[in-house]
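Input: a single structure, listed below in C-alpha cells.
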Ligand SMILES: Cc1ncc(COP(=O)(O)O)c(C=O)c1O
Ligand SMILES: N[C@@H](CCOP(=O)(O)O)C(=O)O
C-alpha cells in the first residue's frame with residue numbers, strides 16, 4: 001500500500017519527545033515539496049532547491065512546531081495557549097488550538113500583520129488583542145502572562161516548537177539523499193534557524209547524512225539585529241513576518257551560524273520583493289515577502305562571487321503568498337481586459 005503521510009510527529013516519532021501512546025494533535029503538517037529552481041540555479045551556478053513550507057496546513061512552517069507544542073499542552077492538561085505574533089504563529093496556534101479544543105489568545109502588533117493571517121486567527125476562533133507596540137513588546141507581554149496565569153506559551157521559546165520544526169531538516173536530507181552543502185532561510189525571532197541546525201546535526205550524528213550544511217541566514221535590512229550585532233528598537237520592513245528587533249533565540253542562532261561556518265546577512269526590501277516576484281514567475285511558487293529573503297540573499301551572494309560552483313543549496317521559503325496578496329499586488333497593474341462571451345473577442349484580446 002502507498003505510504004500515507006501522517007504528520008511530522010507520527011513520521012519522525014523516534015526522533016521527537018513523544019511516544020505512540022500520546023494523543024497527537026496533527027493537521028497532517030510536513031511532507032512539503034523540495035522544488036528545483038532551474039533558472040535561479042543556472043544564474044548562480046549551483047543546484048538550488050526551494051523547500052516550500054507554504055504547503056503546510058495553515059500555510060507556514062509554524063505548523064511543524066505547533067503540532068508538537070500543542071500536543072505537549074494537551075499532555076500537560078492545560079486549556080489555554082498564548083502567543084505573540086507577526087501573523088503566522090497566531091494563525092497556526094489558532095488552528096491547532098481549535099483542533100484540540102483549547103482556548104487561544106493572541107497578541108499582535110497593531111496594523112502590522114497581513115490580512116490573510118489575521119483572518120486565519122479570527123476564523124479559528126482565537127481571542128485577538130492588538131498591541132500598540134511591536135512584536136518584541138508583544139512577546140514580553142505574553143511571556144509575563146504565561147508566568148503569572150495558567151496559560152501555556154506556544155511561541156518558539158517553548159522547546160517543543162523547535163523539536164517539531166527540526167523535522168524540516170530531516171525531510172530535506174530524506175528528499176536529497178544527503179544534507180545540502182548550504183542551507184538558507186529567513187531569520188526573524190530565530191527559532192527556525194536554531195531548529196534546522198538541530199535537525200541537520202541530529203541526522204549527521206545518527207549517520208543518516210554524511211555531512212552538515214553551512215547555514216546562511218537572511219534578514220531584512222531594516223530588521224537585522226544579527227547583522228548589526230545587537231537588538232534593535234524599531235525594526236521596519238515590508239516583510240512583516242520578520243519585523244523583529246530582539247530575537248528570542250539569539251544564542252542558538254549565533255551557534256547555528258558559527259558552528260556551521262555560515263553567515264547571517266541582510267537584504268533590502270526591494271531585493272526581497274524582486275525575489276518574491278521571481279519565485280512566482282520562474283519557479284511557480286508564490287511566497288510571502290519574508291520567505292523570499294533567502295533567494296534575495298542567494299542572488300546577492302552570487303553577484304559577489306561567493307556561491308561555490310555546483311554546490312547543492314536548499315532554501316526554505318517559509319510562508320504562502322496567499323496570506324499577503326496586498327503586498328504582492330502593490331504597484332502592479334491589476335486590470336484584466338473584459339470581453340463579451342465570444343471566442344473571437346477572446347482571440348483578439350490575446351493577439352491570436
Ligand atoms: C513567513 C516567515 N518567515 C520567516 C520567519 C522567521 O522565522 P524565525 O522567527 O523562526 O526566525 C517567520 C517568523 O518569524 C515567518 O512568519
Ligand atoms: N514570524 C513569527 C514571529 C515569531 O514567532 P515564533 O513563535 O516562531 O518565534 C510569527 O509568525 O509570529
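The backbone N, Cα and C atoms fix where each Cβ goes, glycine too.
Straight from TrEMBL, the features:
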| type | residues | note |
| --- | --- | --- |
| MOD_RES | 62 | N6-(pyridoxal phosphate)lysine |
| DOMAIN | 81-147 | domain 'Rhodanese' |
| BINDING | 88, 188, 189, 190, 191, 192, 318 | pyridoxal 5'-phosphate binding site |
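Helix, strand and coil content of the domain 'Rhodanese' (81-147), in residues and according to DSSP, is 35 helix, 16 strand, 16 coil. A separation of roughly 9 Å, to the nearest angstrom, links the Cα atoms of residue 318 (pyridoxal 5'-phosphate binding site) and residue 62 (N6-(pyridoxal phosphate)lysine).
Across the domain 'Rhodanese' (81-147), the model assigns an average pLDDT of 98. Secondary structure at residue 190 (pyridoxal 5'-phosphate binding site), as computed by DSSP, is coil. Summary for the binding-site residues 188, 191: the Cβ-based neighbour count within 10 Å is maximal at 188.
By the rule that a residue counts when its Cβ sits under 6 Å from some atom of ligand 2, the binding-site residues 190, 192, 318 yield nothing. Annotation for residue 88 (pyridoxal 5'-phosphate binding site): same-chain Cβ neighbours under 8 Å, separated by at least 6 residues, are 58, 59, 60, 61, 62, 117, 241, 318, 319, 323. Spanning the listed pyridoxal 5'-phosphate site, residues 88, 188, 189, 190, 191, 192, 318 have a farthest Cα to Cα distance of 14 Å.
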